[in-house]
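What Swiss-Prot says about this one:
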BINDING   ASP30, GLU31, ASP125  divalent metal cation binding site
DOMAIN    24-216  domain 'RNase H type-2'
Amino acid sequence: MARTKAAASSQLGLELTQTVAVVQRLCGVDEAGRGPLAGPVYAAAVVLNPARQIRGLADSKILSAEKREALFDRICDHALGWHIASASVEEIDSINILHASMLAMQRAVQGLAASGVIPDLVQVDGNRCPQVAFPVEAIVKGDAKVRAISAASILAKVARDRELLKLHQEYPEYGFDSHFGYPTPQHFTALEQFGATPHHRRSFAPVRKVLERGMVRTMSSEAPPF
């Protein structure tokens, strides 16, 4: 999932390391969905266009769903390039959530580069960096400090939320439309009552405990008629 725009980009005016004098294309990267018990982990890579400013960029966690949706469309329309990627539940269970998050971010940067937008510098939210073929650095709380990372956090969050809303259509009794897979009391109650779906992360302790009792949901058609 990507879109690019061919345009010359000068210094972006974002937070940069002091060792970088001029960055023509700064790529912000962030992920969404490390903590949930269900669903993929998503990541996005964004290179903003300094000639097309986007007002209201901020850490996706402090924005309302409506604001995120509006900004999602503006980012996709205004950015020089962007790419959204994910790592599946199966990959999360196979290599653990940290490495799956790194994989999703790596895929996002690779997808951006494959579309023709080659970053000079990649800045990643957090304290760890994925392996990419470009200069990369981690920025703690980068989603609140660097506009390109804020934009990436919004794309990743909205894309993941949309995926969980699709799961809600298949499994309405789990309440994915309200908790989006995160470990809330409502989600724990649904797991205890209905068991784990194929979309739950089996390596996560609350899900593993349910599975150990043989509580498995395999088909969405088994949902209660309400």
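Every residue gets a Cβ built from N, Cα and C, even glycine.
The sparsest Cβ neighbourhood within 10 Å, among the listed binding-site residues (ASP30, ASP125), is found at ASP125.
Apart from ASP30, GLU31, ASP125, the residues listed for divalent metal cation, the same chain places the Cβ atoms of VAL29, ALA32, ALA43, ALA44, MET105, VAL124, GLY126, GLY142, ASP143, ILE149, ALA152, SER153, ALA156 within 8 Å of the centroid of those Cβ atoms.
For GLU31 (divalent metal cation binding site), the Cβ neighbour count at a 10 Å cut-off comes to 29, with all displayed protein chains included.
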